[in-house]
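These come from Swiss-Prot:
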type	residues	note
TRANSMEM	25-45	transmembrane segment
DOMAIN	60-140	domain 'Cytochrome c 1'
BINDING	CYS73, CYS76, HIS77	heme c 1 binding site
DOMAIN	161-239	domain 'Cytochrome c 2'
BINDING	CYS174, CYS177, HIS178	heme c 2 binding site
TRANSMEM	258-278	transmembrane segment
Amino acid sequence: MTKLGFTRSGGSKSGRTRRRLRRRLSGGVLLLIALTIAGGLAAVLTPTPQVAVADESSSALLRTGKQLFDTSCVSCHGANLQGVPDHGPSLIGVGEAAVYFQVSTGRMPAMRGEAQAPRKDPIFDEAQIDAIGAYVQANGGGPTVVRNPDGSIATQSLRGNDLGRGGDLFRLNCASCHNFTGKGGALSSGKYAPDLAPANEQQILTAMLTGPQNMPKFSNRQLSFEAKKDIIAYVKVATEARQPGGYLLGGFGPAPEGMAMWIIGMVAAIGLALWIGARS
């Protein structure tokens, strides 16, 4: 009997041990499955870190821009774009838009100190202008140029569709200096508003964005991008379209027209007086 009781007791203990072992194994398996699922969800839901890595072409563009800047610009604008007193302003915040306007119109690099840098043939080609602009943009920030989907500088796409609105905005904001036909005019202290005929669409836009020389800046709060495009369209039509009114006398408006009328009238009056005198 004792032996039988011992056997039953030992079997019972062995069964309980096996059940505990199975529970532990099943718990471990469930824990492993849960950890695997949690790890997978974490890997899927965790955003990939955004690491700013410049590609080789961008790095080459910036290196070229720095070389050109150090060669042609640093003496007036400083090694850190901070400007040099009595030589050149800071370029921090002007962006590639200012670089495009100043360099593509030949105003920069300036040949000499004067009241206003005139327009002339640029000394840099488009690729070099892009490189200088990229360098200034990367180190100083500011407004950028508008590009086509292929990366080229936008021009024709910057012309708006509402010429009437563009004309109204031009006469309200620009005609006091540039004349209502965009021919420009004299300002104080030897400065002047330039003729807009040679400017392309991008140059007109970047001038409005950056305010070169004495020109004010026009932010998007003052003139929306669409409003700027309408102004550009009006300027290009006014400077390119054939005028049906005969000889334009420079397109400067009432002043030369009044002078022409006065001269023609005086010549006619003198001629008439001489003819009357000869008849009598």
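Keep in mind that glycine also has a Cβ here, set from the backbone N, Cα and C atoms.
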Same chain, 6+ residues apart, C-beta under 8 Å of the C-beta of HIS178 (heme c 2 binding site), given in sequence order: PHE170, GLY184, GLY185, ALA193, PRO194, LEU196
Nonlocal residues around CYS177 (heme c 2 binding site), in sequence order (Cβ under 8 Å, 6 or more apart): GLY184, GLY185, LEU187, ALA193, ASN214, MET215
Rounded to the nearest Å - Cα separation of HIS77 (heme c 1 binding site) and CYS174 (heme c 2 binding site): 29
Position of peak Cβ density within 10 Å, selected from the binding-site residues CYS76, CYS174: CYS174
All-chain count of other Cβ atoms within 10 Å of HIS77 (heme c 1 binding site): 24
Residue distribution over DSSP helix, strand and coil in the domain 'Cytochrome c 2' (161-239): 40 helix, 4 strand, 35 coil
Extra residues within 8 Å (Cβ to Cβ centroid of CYS174, CYS177, HIS178), heme c 2: PHE170, ASN173, ALA175, SER176, ASN179, GLY182, GLY184, GLY185, ALA193, LEU196, MET215
Helix, strand and coil counts within the domain 'Cytochrome c 1' (60-140) (DSSP): 42 helix, 2 strand, 37 coil
Cβ-centroid neighbourhood (8 Å) of the heme c 1 site, CYS73, CYS76, HIS77 excluded: PHE69, SER72, VAL74, SER75, GLY78, GLY83, VAL84, HIS87, GLY88, LEU91, PRO109
Same-chain residues at least 6 apart in sequence whose Cβ lies under 8 Å from CYS73 (heme c 1 binding site): GLY88, MET108, PRO109, ILE132
Confidence summary for the domain 'Cytochrome c 2' (161-239), mean pLDDT rounded: 92
CYS174 (heme c 2 binding site) and CYS76 (heme c 1 binding site), Cα-Cα, nearest whole angstrom: 30
